[in-house]
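First comes the structure, then the notes that go with it.
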6 protein chains.
Amino acid sequence: MSRHNHRAPTQMRPINITRHYTRHAEGSVLIEYGETKVICTASVIEKIPPFLKGAGQGWLTAEYGMLPRSTGERMQREAARGKQSGRTMEIQRLIGRALRSILDLKQIGERTIQIDCDVIQADGGTRTASITGAFVALHDAIEYLRTQQTIITNPIQDQVAAVSVGLLQGQPLLDLDYMEDSNCDTDLNIVMTGNLGLVEVQGTAEKVAFSRQELNTMLDMAQQGLQELFALQRKVLAAVAS
Amino acid sequence: MSRHNHRAPTQMRPINITRHYTRHAEGSVLIEYGETKVICTASVIEKIPPFLKGAGQGWLTAEYGMLPRSTGERMQREAARGKQSGRTMEIQRLIGRALRSILDLKQIGERTIQIDCDVIQADGGTRTASITGAFVALHDAIEYLRTQQTIITNPIQDQVAAVSVGLLQGQPLLDLDYMEDSNCDTDLNIVMTGNLGLVEVQGTAEKVAFSRQELNTMLDMAQQGLQELFALQRKVLAAVAS
Amino acid sequence: MSRHNHRAPTQMRPINITRHYTRHAEGSVLIEYGETKVICTASVIEKIPPFLKGAGQGWLTAEYGMLPRSTGERMQREAARGKQSGRTMEIQRLIGRALRSILDLKQIGERTIQIDCDVIQADGGTRTASITGAFVALHDAIEYLRTQQTIITNPIQDQVAAVSVGLLQGQPLLDLDYMEDSNCDTDLNIVMTGNLGLVEVQGTAEKVAFSRQELNTMLDMAQQGLQELFALQRKVLAAVAS
Amino acid sequence: MSRHNHRAPTQMRPINITRHYTRHAEGSVLIEYGETKVICTASVIEKIPPFLKGAGQGWLTAEYGMLPRSTGERMQREAARGKQSGRTMEIQRLIGRALRSILDLKQIGERTIQIDCDVIQADGGTRTASITGAFVALHDAIEYLRTQQTIITNPIQDQVAAVSVGLLQGQPLLDLDYMEDSNCDTDLNIVMTGNLGLVEVQGTAEKVAFSRQELNTMLDMAQQGLQELFALQRKVLAAVAS
Amino acid sequence: MSRHNHRAPTQMRPINITRHYTRHAEGSVLIEYGETKVICTASVIEKIPPFLKGAGQGWLTAEYGMLPRSTGERMQREAARGKQSGRTMEIQRLIGRALRSILDLKQIGERTIQIDCDVIQADGGTRTASITGAFVALHDAIEYLRTQQTIITNPIQDQVAAVSVGLLQGQPLLDLDYMEDSNCDTDLNIVMTGNLGLVEVQGTAEKVAFSRQELNTMLDMAQQGLQELFALQRKVLAAVAS
Amino acid sequence: MSRHNHRAPTQMRPINITRHYTRHAEGSVLIEYGETKVICTASVIEKIPPFLKGAGQGWLTAEYGMLPRSTGERMQREAARGKQSGRTMEIQRLIGRALRSILDLKQIGERTIQIDCDVIQADGGTRTASITGAFVALHDAIEYLRTQQTIITNPIQDQVAAVSVGLLQGQPLLDLDYMEDSNCDTDLNIVMTGNLGLVEVQGTAEKVAFSRQELNTMLDMAQQGLQELFALQRKVLAAVAS
């Protein structure tokens with residue numbers, strides 16, 4: 001089966017990560033999964049949420065949004081509508097959990113790392129791109145704190161990244177774009193750490209239930225894509241003067 | 001390892017399903033997973049959402065709520081607070097997707113089946129109990145429509161149920177209660193159809209990333225629990241005069 | 001005139017009170033006025049509202065809700081709608097005032113008793129059932145505090161209960177169910193203390209204004225029903241091992 | 001017992017009704033109960049609420065508000081806060097029911113009379129003043145419709161007015177001002193029609209429960225005050241060129 | 001060109017300012033620009049907003065509202081709708097800035113002057129009338145604080161007032177009423193201090209862009225009107241026993 | 001006086017306009033005023049707002065937002081907070097009026113052009129950059145409609161652009177950045193059409209009132225800057241294959 005964009009089933013879209021994309025945030029990244037473009041920022045906020053008062057640790061939380069016309073049809077602006085959709089809340093909770101899984105909250109002190117992922121252009125995979133990009137932004141915010149000697153030990157324990165896999169008429173496809181995502185029978189989002197531990201497995205049968213074997217095939221494919229993403233994160237972070 | 005409640009790792013809590021629990025809804029069920037108690041109703045509403053106008057099909061949607069003191073500490077009432085939490089939205093979206101996966105929306109005509117899952121008492125697993133109970137309520141609402149001869153063909157294509165599995169210090173445990181859920185490293189919620197197709201796989205590493213092998217062990221354990229749930233659903237629905 | 005359910009005009013529906021209905025709340029009661037079923041919980045919260053800071057007393061407040069399909073036609077979920085209706089607010093204010101009328105707030109210390117009344121099934125009289133049931137839940141929460149020796153003196157100064165009376169074509173009827181309530185000309189809700197003091201008298205001419213004499217007849221009838229309710233509360237609370 | 005303002009117990013405050021107070025509304029009245037001042041308008045709106053579609057009748061609804069500094073201490077503006085308080089909702093529901101009790105909704109055609117009661121200065125009794133004043137505004141709006149020959153028959157079937165009575169240390173007092181209202185043990189609001197039918201009886205024991213006899217004494221006192229209010233309404237409406 | 005109300009182009013509507021209009025606020029004014037009537041109150045609140053904690057100064061803020069039937073067609077009540085419109089927010093921000101421009105916030109101590117402008121009747125120019133009237137209310141609230149010897153030095157540094165000018169088919173018109181405002185091509189609102197310094201210039205081409213020369217002509221006309229308003233403010237404030 | 005960034009008082013920051021910046025919107029522009037970066041999109045929506053039903057014309061409306069970390073300190077996300085700030089509403093109303101001033105709404109047919117201006121990075125002048133950039137996005141959306149032959153005649157009647165001028169210690173400065181804006185005494189935003197007609201003049205004395213002469217000097221300076229902006233718009237739009 002050929003994909004509408006001539007990609008092989010196991011081929012990811014071109015991935016780009018641009019560090020220091022905007023100037024105010026302690027970490028700021030533009031990540032592109034093909035035509036999907038997300039600005040991920042990590043802000044250091046010298047406060048902790050009330051439920052952590054006195055717990056001697058910090059926190060990381062995430063918010064997610066889409067520009068109204070990041071999509072093919074304009075979506076209503078959530079700020080104007082007065083509330084965030086269930087989808088938005090679900091995604092921002094996912095991003096927060098994914099990033100917290102590799103961050104030692106005790107080591108960051110009584111402060112909050114606030115992740116913001118804002119989709120500038122959407123073409124499928126905005127949540128997975130957000131996680132992969134937010135990791136780099138988090139890294140840069142932590143570097144900032146270490147440069148300031150606000151924190152000494154590196155609280156980042158591993159890399160984290162995410163990718164989607166779908167089943168289209170039984171054929172697994174890596175890193176779905178919007179058209180593929182709309183048509184596929186199953187949609188699986190995988191978040192993994194750099195040492196290939198699973199952090200999140202979210203598989204949904206959109207049309208047809210899937211088998212254990214199909215799940216395993218998709219997980220294999222995801223793992224391969226994630227290894228490419230981890231390599232890219234390392235390469236980007238190794239660049240000195242970026 | 002013994003569980004705090006003397007259950008075996010692969011042992012589910014006592015499950016009870018009471019049909020016709022309240023009198024107004026077309027389908028109304030009390031489901032108990034041990035001390036977790038959820039009222040699931042299925043209401044037939046002779047309207048469809050705007051995005052389906054003219055599509056010649058029906059819809060099923062779900063809402064979820066918890067009584068403020070269903071939990072150990074009283075939670076703020078969402079109606080008083082003025083909005084539903086991200087967790088609530090995530091769960092009700094999950095319930096809706098799970099039920100739609102086995103319902104032929106074209107066969108129910110231009111109407112909506114509204115599922116409401118309200119937790120009376122919470123002790124872990126409220127979302128999985130909601131799905132398993134809502135299936136029975138859905139069945140009864142569909143029976144009502146068939147008795148009325150509003151619909152002829154049975155639009156229910158399979159059973160659907162859900163269960164959780166957790167990893168506690170490497171040990172997989174089936175059907176977590178609240179205390180177990182709070183302590184475990186990984187939490188996996190599985191929704192399956194009666195013929196053992198996967199509908200939803202939602203695994204989250206709460207503390208420690210999990211391996212592919214652990215995922216597979218947990219999936220095996222979930223499948224076993226789900227088979228018990230399917231058997232119970234069939235038994236309950238076979239009862240004539242309930 | 002015979003009532004549609006064969007009750008005599010002065011006859012209440014069967015009333016049941018089940019203590020310790022759910023397990024987490026300090027007081028938890030299921031009350032049934034015929035087919036009307038309300039879960040009433042009393043939660044002890046170690047905080048006081050801001051306006052009582054430093055006043056050296058406690059507080060009692062109440063919230064009320066209906067499950068969306070507790071009614072004949074499904075009602076919109078208030079949490080999803082984002083606000084409570086005027087009716088809900090009116091009822092929860094009424095419940096709070098009724099319970100505070102027999103509670104010595106100075107004796108409970110700087111804490112709040114939070115009453116929650118959630119209607120599982122509605123058939124008229126949900127507000128009166130809520131008050132009568134919440135009294136028993138309050139009693140149990142206070143017993144809990146006394147068992148803990150958190151408070152010593154009993155701050156409950158009297159019983160409190162509530163019942164409705166209606167006028168249907170000039171005929172007074174005790175404890176209206178939904179069908180009667182929808183048709184009657186006047187609706188009167190009475191809250192009384194155990195020593196027959198009036199706490200709330202809320203009479204509304206739904207269709208035809210009523211006379212002073214009719215008001216007095218209805219009050220007589222209410223008083224008789226309330227005496228039955230007080231006897232039942234005493235009987236239920238006398239049960240040792242409930 | 002002398003009242004702090006030298007009024008006799010059965011003496012109302014000076015009542016003034018100014019018709020045509022503002023220029024845009026079909027009916028517009030300033031009503032003063034002593035220092036309590038409320039602008040009551042009745043607006044004719046050529047729409048009916050959705051639940052009356054096709055019912056061949058009209059509707060009357062009411063809204064109530066207080067200017068933020070109508071009170072001794074400034075209250076938060078409800079529009080800024082984003083919601084109306086329970087007290088506001090309760091009062092506007094009361095005003096609506098009171099006015100509907102004397103209006104034949106079938107005779108006004110498929111339109112809505114919208115009552116707005118806005119408190120300019122508060123000193124107790126704002127809800128009772130609102131009802132008494134809104135009746136005059138309603139009258140003028142109906143006159144407007146009759147002058148326009150939009151409706152022919154007079155749909156107003158009787159007068160309606162309201163007054164409060166309180167019990168202060170056993171002494172009933174008519175038409176409470178704010179200081180009296182804050183101190184009294186019981187607060188009773190009575191709405192009556194011109195022919196002395198009861199429309200609303202809302203009695204609340206703020207501190208001490210009240211007896212049937214006290215209720216009757218208060219009702220007697222209210223009736224006397226209401227007769228003065230009916231006479232004033234008639235006098236004001238008889239004035240031709242006002 | 002003659003105006004529909006026979007005013008000369010440079011003629012303001014009759015302006016009236018009534019001090020001590022309501023009794024609770026420290027400053028309370030009714031201001032009338034012809035048929036436009038606004039109640040302006042200034043309340044002294046012994047709190048400062050969080051962003052000024054420790055700044056050793058006070059604050060002044062303003063809110064604005066319209067009674068629903070202050071206008072020709074009834075507007076939805078913002079409190080019922082659950083939010084303030086963009087227009088309301090824009091106007092209340094303008095009023096706040098205008099008043100702060102002549103108030104030395106360091107001299108008022110750590111307290112807030114809360115301005116409330118509520119439109120009782122609208123006929124164009126409600127924002128300009130609000131500013132002119134709020135200045136007098138502010139003056140009276142400051143006088144109250146000085147009488148109480150809470151503050152010693154007068155923190156009011158100058159007068160402030162506002163007026164509108166419009167361009168109708170090239171003809172500038174002073175102090176537009178609603179009908180003129182609806183028809184004119186350009187609408188200019190000017191806020192000035194007593195010594196003729198500009199505080200706000202807000203000109204909007206509603207239909208046709210305007211030239212620099214037209215702007216200057218309108219500013220000349222506004223200045224003339226403002227001098228009348230300053231004279232009236234001084235006259236009203238000079239009245240001893242008002 | 002030298003500016004902190006070595007600009008001459010009459011010198012604008014480097015201005016860049018990138019057309020076709022994102023792929024879904026009919027018009028999509030990135031505009032940069034120095035370090036201020038705004039994505040402006042123009043979406044064609046085949047609906048008109050209710051108040052224009054049957055008016056035989058189209059509409060243009062605008063929304064504005066800032067990414068939470070577009071600013072030096074992270075701002076709360078308006079979608080999470082549940083409402084737009086007064087500042088946001090004021091700016092989006094301004095953008096809408098500015099664009100409507102040069103668009104013949106009768107010529108665009110019964111559709112809406114929805115402008116979205118989202119600030120990616122803020123350094124002063126976000127509202128002026130939004131207007132200048134939105135004009136180009138509008139142009140491209142109109143071109144799209146003309147290419148589709150949906151509309152024939154060009155409904156754009158002129159260019160429109162905006163710039164700010166400030167007074168810092170009496171010295172006028174063109175195109176303020178954030179640091180200048182925070183310190184200046186007066187802030188003036190000017191919107192002009194290509195033929196130098198004034199569309200909006202919004203001058204605010206932040207600290208010290210300004211004189212008529214200062215206003216004129218600032219307007220002269222603004223006009224010079226706007227001529228540069230018009231030239232740039234024309235140049236960018238003349239580029240064929242952009």
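Even glycines carry a Cβ here, placed using N, Cα and C.
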F:Gly125, F:Thr126, F:Arg127 show up in TrEMBL as binding phosphate; which entry in F:Arg74, F:Arg77, F:Arg81, F:Arg87 does that record put in the same site?
F:Arg87
Least buried by Cβ count (within 10 Å) of the binding-site residues F:Arg87, F:Arg127:
F:Arg87
In sequence order, which residues at least six apart in the same chain have a CB under 8 Å from the CB of F:Thr126 (phosphate binding site)?
F:Thr36, F:Val38, F:Tyr64, F:Met66, F:Ile91, F:Cys117, F:Val119
Which chain-mates of F:Gly125 (phosphate binding site) that are at least 6 residues away have a CB under 8 A from its CB, listed by sequence?
F:Arg13, F:Tyr33, F:Gly34, F:Thr36, F:Val163, F:Ser164, F:Asp175, F:Leu176, F:Asp177, F:Asp181
Among F:Arg87, F:Gly125, F:Thr126, F:Arg127, the annotated phosphate contacts, find the widest CA pair distance and round it to a whole Å.
13
Which are the residues of the chain, F:Arg87, F:Gly125, F:Thr126, F:Arg127 excluded, whose CB is within 8 A of where the CB atoms of the phosphate site average out, their centroid?
F:Tyr64, F:Ile91, F:Val119, F:Ala122, F:Gly124, F:Thr128, F:Ala129, F:Ser130
Tally the residues of the domain 'Exoribonuclease phosphorolytic' (F:11-141) by DSSP class, grouping H, G and I as helix, E and B as strand, and everything else as coil.
42 helix, 41 strand, 48 coil
Looking only at the domain 'Exoribonuclease phosphorolytic' (F:11-141), what is the model's average confidence as pLDDT?
97
